[in-house]
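The structure's right below; bear with me while I get my questions together.
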Amino acid sequence: MSINNKQWLGLPLNLLWGYIAIAVFMTGDGFELAFLSHYIKALGFSPAEASFAFTLYGLAAALSAWISGVVAEIITPLKTMMIGFVLWCVFHVLFLVFGLGHANYALILLFYGIRGFAYPLFLYSFIVAIVHNVKSDNASSAIGWFWAVYSIGIGVFGSYIPSFTIPHIGEMGTLWLALAFCLTGGVIALVSLRHIQTPQHMQNLTTREKFSELGRAATLLYTNRNILLSSMVRIINTLSLFGFAVIMPMMFVDELGFSTSEWLQVWAVFFFTTIFSNVLWGILGEKLGWMKVVRWFGCIGMALSSLAFYYIPQHFGHSFAMALIPAIALGIFVAAFVPLAAVFPALEPKHKGAAISVYNLSAGMSNFLAPAIAVVLLPFFSTIGVVIAYTALYVVAFFLCAFIRVEQPGFSHKEATAREQVEFS
């Protein structure tokens, strides 16, 4: 299969409109991220109940993320994206009308959970399109751009737009506006990705062989030690991102006196920073080595900036300027894990879809575990207990990285691994 090599700073131009579709769709999906937990609490539910809704959402997202890579290879990335697009729109409407509209907690969990199954099909299937349409030694920067447009959508526009719309049309009006963005993103993807190159060998498999390949997305975790360790590091990667979106609105708004709009703007600055850091770390990963960037900048950087995100606002109180410092730091270092997306398919070059499914599963599990940790620890240790737990896990990830061996294009095996890795005893 021929690959189009035209690019701009690592951005594959043949997939440009696909990247734009991701940004627009995730803008709509991101509207709720930084205020929904607070809004559910305002409907009369406890912080733990609000966090559990996100936990269930994350569990559904993890399941969907797990199958998305293989399904995208079997039925093509575009068809998988369209399934996710339709599911998202249908269950978003049901969530708003029957869940939030009637303050019915059971229906909130049901429809929000099912909707959580939808967005990974749209989002992560595009990674399969990237992997099969760019050279492997450019994969890190191409996926860096993927996470950059993801950040533009879910974080920057997804946070800034609600900060201006909520004072005028309220939370529910803002959530209805999200539907328009997701509809637009889905249509852009449908039109622009019709002619992308996708592998054909999976589409000719028998039904039994297709299920066997789908199962490989799970079996890789115990047949390939490097995949297992990389999965654990990827799960830890975004704990603070998903966890802080749940617990920090309550700290900033209810405890420190920030308005909802101010908090949303702080959160948007975090995501705005990741636009540039995703691209930067993707490129640096190709220059310095994938695992070196992940270990020394991702793990250590996130451990320190997660602590700062709690202690600096606690020390300075209602200071918008000081709150931006840890937000920017968090945005810089969370993106240093970007090279992991290139590590997974490099570890299983003959089963890239299954490897990407494990990567996607790990991202989804992070979405699930981050609020789950908050649900367990918040009643006993308050916000600081959750922050310390996340920090400790980043330190664990630092040590796990030392055992991951991967051949990186452009690096000798010795250069890429020997100095950073230790043999299991």
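If you go along the chain as it appears here, the first residue is 1 and each next one adds 1.
Positions of Cβ are set from backbone N, Cα and C atoms, glycine also.
Features from Swiss-Prot:
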type     : residues : note
TOPO_DOM : 1-7      : topological domain 'Cytoplasmic'
TRANSMEM : 8-28     : transmembrane segment
TOPO_DOM : 29-51    : topological domain 'Extracellular'
TRANSMEM : 52-72    : transmembrane segment
TOPO_DOM : 73-80    : topological domain 'Cytoplasmic'
TRANSMEM : 81-101   : transmembrane segment
TOPO_DOM : 102-107  : topological domain 'Extracellular'
TRANSMEM : 108-128  : transmembrane segment
TOPO_DOM : 129-141  : topological domain 'Cytoplasmic'
TRANSMEM : 142-162  : transmembrane segment
TOPO_DOM : 163-172  : topological domain 'Extracellular'
TRANSMEM : 173-193  : transmembrane segment
TOPO_DOM : 194-237  : topological domain 'Cytoplasmic'
TRANSMEM : 238-258  : transmembrane segment
TOPO_DOM : 259-263  : topological domain 'Extracellular'
TRANSMEM : 264-284  : transmembrane segment
TOPO_DOM : 285-295  : topological domain 'Cytoplasmic'
TRANSMEM : 296-316  : transmembrane segment
TOPO_DOM : 317-323  : topological domain 'Extracellular'
TRANSMEM : 324-344  : transmembrane segment
TOPO_DOM : 345-360  : topological domain 'Cytoplasmic'
TRANSMEM : 361-381  : transmembrane segment
TRANSMEM : 384-404  : transmembrane segment
TOPO_DOM : 405-425  : topological domain 'Cytoplasmic'
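Help me see these features in their spatial surroundings.
DSSP places the residues of the topological domain 'Extracellular' (29-51) in helix, strand and coil in these numbers: 14 helix, 0 strand, 9 coil.
Remote same-chain partners of the transmembrane segment (52-72), defined as residues 6 or more beyond its termini with a Cβ less than 8 Å from a stretch Cβ, comprise 36-37, 40, 80-81, 84, 108-109, 112-121, 124-125, 127-129, 202, 213-214, 216-218, 242, 245-246, 353-361, 363-372, 375.
Long-range contacts of the topological domain 'Extracellular' (102-107) within the same chain: residues 43-45, 49, 94-95, each at least 6 residues beyond the stretch ends and with a Cβ under 8 Å from a Cβ of the stretch.
Listed as Cβ neighbours of the transmembrane segment (108-128) (distance under 8 Å, sequence separation of 6 or more from its ends, same chain) are residues 18, 21-22, 25-26, 29, 40, 52-53, 56-61, 63-65, 68-69, 71-73, 77-78, 80-81, 83-85, 87-88, 91-92, 94-95, 98-100, 143, 146, 150, 185-186, 189, 198, 341, 352-353, 356, 359-360, 363-364.
On the 0 to 100 pLDDT scale, the topological domain 'Cytoplasmic' (129-141) averages 82 in the predicted structure.
Distant neighbours of the transmembrane segment (142-162): 7, 10-12, 15, 19-20, 22-31, 33-35, 123, 126-127, 130, 134, 174, 177, 185, 264-265, 267-268, 270-272, 274-276, 278-283, 285, 335, 338, 341-342; these residues of the same chain sit at least 6 beyond its ends, with a Cβ under 8 Å from one of its Cβ atoms.
When Cβ-Cβ distances below 8 Å are used as the criterion, the topological domain 'Extracellular' (259-263) is approached by residues 34-35, 38, 163-164, 166-167, 248-249, 252-253, 320 of the same chain, each at least six residues removed from its ends.
Counting residues 6+ beyond its ends, the transmembrane segment (264-284) has Cβ neighbours under 8 Å at 9-10, 33-35, 140-148, 150-152, 154-156, 158-160, 162-163, 166, 245, 248, 252, 258, 293, 297-298, 320, 323-324, 327-328, 330-339 in the same chain.
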For the transmembrane segment (173-193), which stretch among 8-28, 296-316, 324-344, 361-381 has the most Cβ pairs under 8 A?
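Result: 8-28.
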Residues of the same chain, at least six outside the transmembrane segment (361-381), with any C-beta under 8 angstroms of its C-beta?
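That would be 47-48, 51-52, 54-55, 57-59, 61-66, 120, 124, 217, 230-232, 234-243, 246-247, 388-390.
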